[in-house]
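Comments concern the structure below.
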């Protein structure tokens, strides 16, 4: 048995779970918010007890010390020696990393080199790595990349129709994201179906405030909806998804906005927020959809884009064995799943409205005779991080 810390470090936040492996049992979990502020928030949950404090947390190193001290002071562990390894989420692995990797000084340097591909996320992820290495220098640490799962995509899926030197000199290509989630649910789907992953054609729909659809054939990602950045693909909470690129200079010309300002609109002021006119939260939009035409339109656009990707990816794989719904909306929105699945019967997808009336629970929602299965699988990226950390740290799980 091993105790693995799964870490997700943001620019001013630090999420953590202490997981007992191989049982995947969460012993403790918590969140540090507003790092660098005088009123930072530290919350931890262990043994059913929740503790929350507001205090000054100067930087990530202080946050890590608080995190570790809370684990010992609450008796979750007796000493830091009981932490066998630490797994870090890293958003972008570029073309360097097609798998998770044991962290060394050389690996840290490579992550730094590709940080320009994810300037908001990779530096924050690295800050978390440095903070833990400072306090737990002898403990093995593993980097788990959001992009790694998609490195199996063939060139025909990831290349853009742009001058070749843009790819060769600047790394411009499709990378895809949410890979850790797509990998986890695909492995879980194989278990539930009782079929080896190497014999399955799956479409994984990770639908939260950010959303992506991935075609998984024989256990490998062969295409995914997000692109060079997480802005591409389907309509999302505040992100536009795919648009005509000529709109960017057109909007600049009409509004006087800079390219960065237009990009900010596409990332933070578009998507469901723009379509509905009042919220990026699907729950709010669903609530008003019966009486608000724009809310109903937002739901139709959101579901319709995902619906199209399912048809496209089924064609790309020459068939389909199962559709997976995961993440906050995918797991909990009966309405969105219904809108996405309606009209796919011609593909052999027969879903049961009664079974679909479920939230946050692992469940098949197809009729027994349906050739294509439809499964809700709650994602667990932390468990996937822990599994990869155990595998690469050489721990006996």
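Cβ atoms are placed via backbone N, Cα and C, with glycine included.
Here is what Swiss-Prot says about this protein:
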BINDING   8, 381  Mg(2+) binding site
BINDING   15, 206, 207, 208, 209, 210, 281, 282, 283, 328, 329, 330, 331, 332  ATP binding site
BINDING   89  substrate binding site
ACT_SITE  146  active site, proton donor/acceptor
SITE      178  site 'Transition state stabilizer'
SITE      239  site 'Transition state stabilizer'
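Shown here: features listed in Swiss-Prot, placed on the structure.
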residue	record	DSSP (3 states)
8	Mg(2+) binding site	strand
15	ATP binding site	strand
89	substrate binding site	strand
146	active site, proton donor/acceptor	coil
207	ATP binding site	strand
283	ATP binding site	helix
329	ATP binding site	helix
381	Mg(2+) binding site	helix
Relative to the Cα of residue 89 (substrate binding site), which of the recorded positions 178, 209, 281, 283, 329 have a Cα no more than 10 Å away?
-> none
Sparsest Cβ surroundings (other CB atoms within 10 Å) among the binding-site residues 8, 209 | 209
Residue 146 (active site, proton donor/acceptor) and residue 8 (Mg(2+) binding site), compared by Cα position, are separated in whole Å by 11
For the recorded positions 15, 178, 239, which one has the sparsest Cβ surroundings, going by other Cβ atoms within 10 Å?
-> 15
If you count Cβ atoms within 10 Å of the Cβ of the residue listed as 'active site, proton donor/acceptor', leaving out that atom itself, what do you get?
-> 25
Do you know offhand how many angstrom separate residue 207 (ATP binding site) and residue 381 (Mg(2+) binding site) by C-alpha?
-> 14
Hey, what's the Cβ neighbour count for residue 331 (ATP binding site) at 10 Å?
-> 22
Compare all C-alpha positions of 15, 206, 207, 208, 209, 210, 281, 282, 283, 328, 329, 330, 331, 332, the record's ATP binders, and send over the largest distance in angstrom.
-> 24
By a simple count of other Cβ atoms within 10 Å, which of 281, 381, the binding-site residues in the record, is least packed?
-> 281
Near residue 8 (Mg(2+) binding site) (Cα-Cα within 10 Å), the recorded positions in question, chosen from 15, 239, 281, 283, 329, are 15
For residue 329 (ATP binding site), what residues in its own chain, 6 or more apart in sequence, show a Cβ-Cβ distance under 8 Å?
-> 207, 208, 211, 282, 336
